[in-house]
Amino acid sequence: MRLSVRKVLLAAGCALALVLAVQLGQQVLECRAVLGGTRNPRRMRPEQEELVMLGADHVEYRYGKAMPLIFVGGVPRSGTTLMRAMLDAHPEVRCGEETRIIPRVLAMRQAWTKSGREKLRLDEAGVTDEVLDAAMQAFILEVIAKHGEPARVLCNKDPFTLKSSVYLARLFPNSKFLLMVRDGRASVHSMITRKVTIAGFDLSSYRDCLTKWNKAIEVMYAQCMEVGRDKCLPVYYEQLVLHPRRSLKRILDFLGIAWSDTVLHHEDLIGKPGGVSLSKIERSTDQVIKPVNLEALSKWTGHIPRDVVRDMAQIAPMLARLGYDPYANPPNYGNPDPIVINNTHRVLKGDYKTPANLKGYFQVNQNSTSPHLGSS
């Protein structure tokens, strides 16, 4: 027993001596750097400023802050999942499922900035805006790059990230933003009927949800306009559904990505290598396995309480600002392309395939509920 105690003490002494030796060596090196005038105490440069990933095709992909990231967002239930599935169908693009963590981290960063006391504490501790921004930049890029397969163009779809478009544009100056815009009445009806839990939204009240929708889209739209139309494109869900080819050509031109017919048939690439990866827990998965169709456009009509319909222009003034008629029930969104009419007939007849990895899931989970930060 005594021998083992001696061994422990000896080992601890050796470890302490080693730590002290390392610290002393570091101090000597720092002193030399200061004397040589080469040390900058305020900046550190990482050895590797890029993330390097190897794809299944054995192609090396390099990602950095200067790369043209794509951010897809909007109020939940506005078509963000459809948009990212269409982009995922492009051979050069990978979006993947919602990370859920990125909007939360952005919200924390915003909260620190808004709190004067917390900002002072961070500054006093040396955790300046420059330090925080560098950390946020590295974290967000790491999550986007590594939560899915590598691709030439990376995109992120977390609905609420576009509440921070201005900040993200500063972190990633070559990024582009797609703001999904949908008739708020349709978005809210979808939230309520599909029980999509979103923080702050009372799913028992159309009036409350429309008020919260108005506030959220107002913030996102203002951020989009501030970033500028050369960097942020509002995409109307109704027009994307009615005229997919025309809409997608405009979107890909905006993003600087070559056209590919695969974006018109995202449903054929679900679950396939290099295709569209879907999450079993996102509420829109059972919808985006279908071809683009008219099924969800006007489902909300006749379901909103009369008093809310009467006060719609006051409850949700952003409807009119975005070009929707707050008094039209149902509104006329336009005439669909022939391919969309054909797709709708197929969907109504059940003439579409459920991916093998999702078979049986929808029947088991159709009526289940789970907390969501927001999906669409």
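Any Cβ shown, glycine's included, is placed from N, Cα and C.
Look at Swiss-Prot and you will find 1-8 tagged as topological domain 'Cytoplasmic'.
The topological domain 'Lumenal' annotation in Swiss-Prot covers 26-376.
The 3'-phosphoadenylyl sulfate binding site feature in Swiss-Prot is assigned to 77-81, Arg182, Ser190, Arg194, Tyr237, 284-293, Lys299. Within 10 Å of the Cβ of Ser284 (3'-phosphoadenylyl sulfate binding site) there are 23 other Cβ atoms, across all protein chains.
Under 8 Å, Cβ to Cβ, and six or more positions away along its own chain, Cys95 (disulfide bond) finds Ile70, Val72, Arg84, Ala85, Leu87, Asp88, Gly148, Leu154, Cys155, Asn156, Lys157. Swiss-Prot lists Cys95-Cys155 (among others) with the feature disulfide bond.
Mapped onto three states, the DSSP output places Glu98 (active site, proton donor/acceptor) in coil. For Glu98, the entry in Swiss-Prot reads active site, proton donor/acceptor.
Look at Swiss-Prot and you will find 100-104 tagged as region 'Interaction with peptide substrate', backed by similarity to another entry.
When Cβ atoms from all protein chains are considered, those within 10 Å of Lys157 (site 'Transition state stabilizer') total 28, not counting its own. The site 'Transition state stabilizer' annotation in Swiss-Prot covers Lys157 (among others) and is backed by similarity to another entry.
Summarising the environment of Cys224 (disulfide bond), the number of other Cβ atoms within 10 Å of its Cβ, over all protein chains shown, is 24. Reduced to three states, the DSSP call for Cys224 (disulfide bond) is helix. Swiss-Prot lists Cys224-Cys232 (among others) with the feature disulfide bond, giving similarity to another entry as the kind of evidence.
Summarising the annotation, Swiss-Prot assigns site 'Transition state stabilizer' to Ser284 (among others) and lists similarity to another entry as the type of evidence. Secondary structure at Ser284 (3'-phosphoadenylyl sulfate binding site), as computed by DSSP, is coil.
Sequence annotations record features per position, and here Swiss-Prot assigns N-linked glycosylation site to Asn342 (among others) based on experimental evidence. Cβ-based neighbour count (10 Å, all protein chains) for Asn342 (N-linked glycosylation site) stands at 13.
Annotation comment: Swiss-Prot describes Asn367 (among others) as N-linked glycosylation site.
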At a C-beta cut-off of under 8 Å, are there same-chain residues at least 6 beyond the region 'Interaction with peptide substrate' (100-104) that contact it? List them, or none.
140, 143-144, 156, 158-161, 163-164, 373-374
Nearest of the recorded positions to Asn293 (3'-phosphoadenylyl sulfate binding site) by CA-CA distance, picking from Cys224, Cys232, Asn342?
Asn342
For the topological domain 'Cytoplasmic' (1-8), what's the mean pLDDT in this predicted model?
47
What's the CA-CA gap between Lys290 (3'-phosphoadenylyl sulfate binding site) and Asn342 (N-linked glycosylation site) in angstrom, rounded?
12
